[in-house]
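Asks: Quick one: this structure, given as structure tokens, is what I'll be asking you about.
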Amino acid sequence: MPPFNLTSSTPATFVLAGIPGMEKSHIWISIPFCSMYLAALLGNGALLFVVSTERSLHQPMYLLLSMLAVTDLMLSTTTVPKMLALFWFSAGEISFGACLTQVFFLHFSFSAESVILMAMAFDRFVAICYPLRYAAVLTQSAIVKTGLVVLLRSFCIIFPCVFLLKRLPFCGHNIILHTYCEHMGIARLACADISVNIVYGLAVPFAAGVLDVVLIAVSYVLILQALFKLPSRTARCKAFNTCVSHVCVIFLFYIPAFFTILTHRFGQKIPHHVHILLANLYVLFPPLLNPIVYGVRMRQIKEKFMKVFLCSSVHFLKE
């Protein structure tokens, strides 16, 4: 029997089926999804604008927050526009190359955001446990190096997934029961052994995420120990308040992400449309809520936001 010709057995296009069993509700589902996406664009765009225009916010914590906003924009923009095109115009076709590109940037965004949250936990650890050394440790050079680590680690973890998918023959199977392309959703269409894809797709990104969570937990254990040593309750509350926003963002990101990963692999009893809805909310909720959490909790962001946009409004009215 001749070997597979991988070129000929690779489909020219895939077809995204949307949410199985809820096709008649696609238009109604698209309304909250589109609203959340536009709000995420507005919130993260405003956050990036305020941090970039206010020199007083060019500090490690706010630069890391800007990285988080860029990653959130990448996460939602990679998936939501195509999802809305599917819901509105039944434009489910996507080329094989575009599908792999979507897979790469989707999983890259998850890995990058995880590293950034870990870096933000280290920022809080140094600020609370070693405040006198904060300026010396978290320099602009250190932030640039952190950004390079985010890019390099995420690329090294996710790029092999593209090759693991490209090596697979598909034998005419090209309908993806999802609203966007993701690694295992494509791999399951192959007419070949996908054991390597299953192991790598679950073990490597999951292990990296778990490692980040462990390091974040260690940072907060040390932070709590330092807080309990502070002499006054007021000082403890003030120091802890600087961590509340970060803790909220951690829960908003990791809980739906790990729940989606685990239910997608092991939750066979959960209806398929529930899997898809959860996966869609995973790419919408963190980008939507992160700027809201930081905007509400951080006084500097609120003050600078009002200052920048009031000045812009006054300048516009004068013209």
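The backbone N, Cα and C atoms fix where each Cβ goes, glycine too.
Copied straight from TrEMBL:
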{"type": "DOMAIN", "residues": "43-294", "note": "domain 'G-protein coupled receptors family 1 profile'"}
{"type": "TRANSMEM", "residues": "27-50", "note": "transmembrane segment"}
{"type": "TRANSMEM", "residues": "86-108", "note": "transmembrane segment"}
{"type": "TRANSMEM", "residues": "115-136", "note": "transmembrane segment"}
{"type": "TRANSMEM", "residues": "142-165", "note": "transmembrane segment"}
{"type": "TRANSMEM", "residues": "209-228", "note": "transmembrane segment"}
{"type": "TRANSMEM", "residues": "240-262", "note": "transmembrane segment"}
{"type": "TRANSMEM", "residues": "274-296", "note": "transmembrane segment"}
Asks: Short question: most Cβ pairs under 8 Å with the transmembrane segment (142-165), which of 27-50, 86-108, 115-136?
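Replies: That would be 86-108.
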Asks: Counting Cβ pairs closer than 8 Å, which of 115-136, 209-228, 274-296 has the most of them with the transmembrane segment (27-50)?
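Replies: Most Cβ pairs under 8 Å with the transmembrane segment (27-50) come from 274-296.
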Asks: Restricting to the domain 'G-protein coupled receptors family 1 profile' (43-294), what is the model's mean pLDDT?
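Replies: In the predicted model, the domain 'G-protein coupled receptors family 1 profile' (43-294) has a mean pLDDT of 89.
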Asks: Using a Cβ cut-off under 8 Å, which residues of the same chain at least 6 positions beyond either end of the transmembrane segment (274-296) come close to it?
Replies: 18-20, 33, 36-37, 39-40, 43-44, 46-47, 65, 68-69, 72-73, 75-76, 78-80, 83, 106, 113, 177-180, 182, 245, 248-249, 252-253, 256-257, 259-260, 263-264, 267, 302, 305
Asks: Using a Cβ cut-off of under 8 Å, list the residues of the same chain at least 6 residues beyond the transmembrane segment (115-136) that approach it.
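Replies: Distal contacts: 60-61, 64-65, 67-68, 71, 146, 149-150, 153-154, 212, 215-216, 219-220, 222-223, 226-227, 239, 242-243, 246, 249-250, 253.
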